[in-house]
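What TrEMBL says about this one:
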| type | residues | note |
| --- | --- | --- |
| BINDING | 598, 599, 600, 601, 602, 603, 604, 605 | ATP binding site |
| COMPBIAS | 218-228 | compositional bias 'Low complexity' |
| COMPBIAS | 235-252 | compositional bias 'Low complexity' |
| DOMAIN | 120-170 | domain 'FHA' |
| DOMAIN | 578-796 | domain 'FtsK' |
| REGION | 218-266 | region 'Disordered' |
Ligand SMILES: Nc1ncnc2c1ncn2[C@@H]1O[C@H](COP(=O)(O)OP(=O)(O)OP(=O)(O)O)[C@@H](O)[C@H]1O
């Protein structure tokens, strides 16, 4: 496994900052922190004999136990480990249920401050308890006073530009500050909030990530109600007039309400303003959502009405229905819909533009799931030093949205030099089918004439683009919207999106440490779907897909205990498609049988072994039996130890056993028909659940079923399990020179025709689809797989399209699944006869992360397996046997 950590070197002296190094750790699953700590200390230059015995690592203020396995909390992707002393930042973390002061807008937005002590001063000075990097804020601007009963008052400290409390001027006399009231100082807006809501449940996966369930629909903003004003998007010229210049620092105007508004109209105004602020969350709310993670994390799935709408700042916007004419909603979000305008330019002094761009990326990353939005960051402007570009964007390396998910040849979707930029832009143009949306962020020039030409083409594609520049003239031509930072200190912006410009918007900008904190909180989070979209992997391990990388009897028993007590299942996980797990459900209503074809060496036998192992994990042996028949050799012998396997027949080597098996199979079908009295396996089981008793009408032991007592003794017996008959080299049984095979082939034909209703399923492989065409199985099997085929006609016979003929012979196990509904999906079979990957036994390595290199192709080392030791199948069989015996 690989995870990224940050190691903090101890401070050289009190008051000095700790220096941090980001590292990539590669280590076998289950490696304990103790095995890494010396290497982690070495990464920040702490070496020598003392480091071997005296390395203590802290997560926040807590010392981490050396036995904590890597990949388990707190050792997750993005974790910060402080060496030798608690993390000095830890105390500043916003905590649980206390009153919080949140900076919800302005040039230094996003801060969340727990209120401690009796007095809290806000100002530009570093002496302030809550420092604000806003040029229009005085050094010590205002003070909050906390009373013992928890109430809060506020007063101005004689600031130059004054303070507004909910639109009215605040003097030096203390006034109560209720939760939710807006304080505006300089271009910043702050508010008091009760504690943040409950965190969303997450599940550690042991590999450095936390799985997050889908967003709760209840928390999504409701569609615009009759009372709500239209969303404050930039592209609506009708409201441009009403976006007034901000009033602070200039002659102060009262709260923006119409003079003759009634009490009810004012309440409507307040509700509308609150609804808009809720709908487009401020930076502080976003940070808390990432840290929680809160219920709104990744709520904007592609169909969400506000998907790809970004908030750029706040302004006073006209009220909606129910407010008095001329009413303005104070300090509500001003947004741009990137779905509508496609591309957005942000211009102004570099530091401010970067602050705004960070706020834009942060909100996209918090509100959109990585499966619905990919982010590509290109910063290759040769006028800036390479180190500067890397430093400006290093915070984004923690965002999960930058992971290459479509086969892009890089570690992260960065283009931080001309070559990387050309590569990223080329990839954007090459994507044939867009999966979710893509946002390209371009910081300045893209570095080369080729890249500029490619960017011009990207701008005409479906990719959404945000470009940053110092001046509007430096932006690429034809952007859908441009936000230009204005004002003496560039803390306001003017938005142009086709209609009249929207002026005087107080921008949302966030600092780099803030953005890094938010991105780092997102780093370990993963959507709960086990496989993400992307290219089809080249190699897969079944035990990993089954989440049984360390398989134990207890884990298997727990899985079996969780099964519903209805008819036994027969669902086999085979591998993955591009988007999802690839499974075949033989017990479903669509089709009970599966036919698999492919050329020599295409991976048919391995696919059967994977299917057998997967079926065995999916169901208890008393409810699912497996009968294995090798038409031409012992390819399935490795599965014989699974407790579900009742017989292994080598038809070529043992014709007599083949004959007996054929008879037993036919007997079994007849037995079930008599037992079920015309009902199907499923409805008979449903009946059994009611009557609870079964009287066996006859007693010969059917192939693949537990032995039953002699026919003469009518007795209560276990109900028959589902039976899956698995045949390798089906065509060998059909061959004229195979006298032993022929009776078996006849029995299998009967299974294909009659077995489905009786809970008897057939899975068979063929190397020669033309020989198995038109057999009973060919006609009955609606689940069909074509692995690599030698001829298009073979593929066509199997899956009714010839795509499998184009599969490369370097990818055994790659093929196409045709489902009963006719859908054809490319997939890769997972392996079960491999051995534990060699990396599982390697010594852990710790290497420093170099941001400038993250956009380059990763070094590829072939996955090698241990040459000795048990196969995964042997490990699984042993665990299943013990689980079955318990
Ligand atoms: N899913 C897979 N992933 C990786 N390697 C695989 C996979 N499936 C098969 N292989 C490798 O490909 C080779 C051929 O596999 P296999 O014997 O399953 O093919 P086959 O189609 O049954 O061949 P034949 O028709 O000759 O019996 C083996 O070396 C196997 O290890």
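Any Cβ shown, glycine's included, is placed from N, Cα and C.
Positions of the features from TrEMBL, shown on the structure.
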residue: 598; record: ATP binding site; Cβ contacts under 8 Å, 6 or more apart: 604, 765, 767, 785, 786, 787, 788, 789, 804, 815
residue: 599; record: ATP binding site; Cβ contacts under 8 Å, 6 or more apart: 767, 787, 788, 789, 790, 794, 809
residue: 600; record: ATP binding site; Cβ contacts under 8 Å, 6 or more apart: 767
residue: 601; record: ATP binding site; Cβ contacts under 8 Å, 6 or more apart: 809, 812
residue: 602; record: ATP binding site; Cβ contacts under 8 Å, 6 or more apart: 787, 788, 789, 807, 809, 812, 813, 815
residue: 603; record: ATP binding site; Cβ contacts under 8 Å, 6 or more apart: 787, 788, 812, 813, 814, 815, 829
residue: 605; record: ATP binding site; Cβ contacts under 8 Å, 6 or more apart: 635, 636, 728, 765
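Taking the Cβ of residue 604 (ATP binding site) as centre and 10 Å as the limit, one finds 27 other Cβ atoms among all the protein chains shown.
Helix, strand and coil counts from DSSP across the domain 'FHA' (120-170) read 0 helix, 21 strand, 30 coil.
Take the mean position of the Cβ atoms of 598, 599, 600, 601, 602, 603, 604, 605, the recorded ATP site; other residues of that chain with a Cβ within 8 Å of it are 767, 787, 788, 812. Residue 602 (ATP binding site) falls outside any helix or strand according to DSSP and counts as coil. Within the model, the domain 'FtsK' (578-796) shows a mean pLDDT value of 85, rounded to a whole number.
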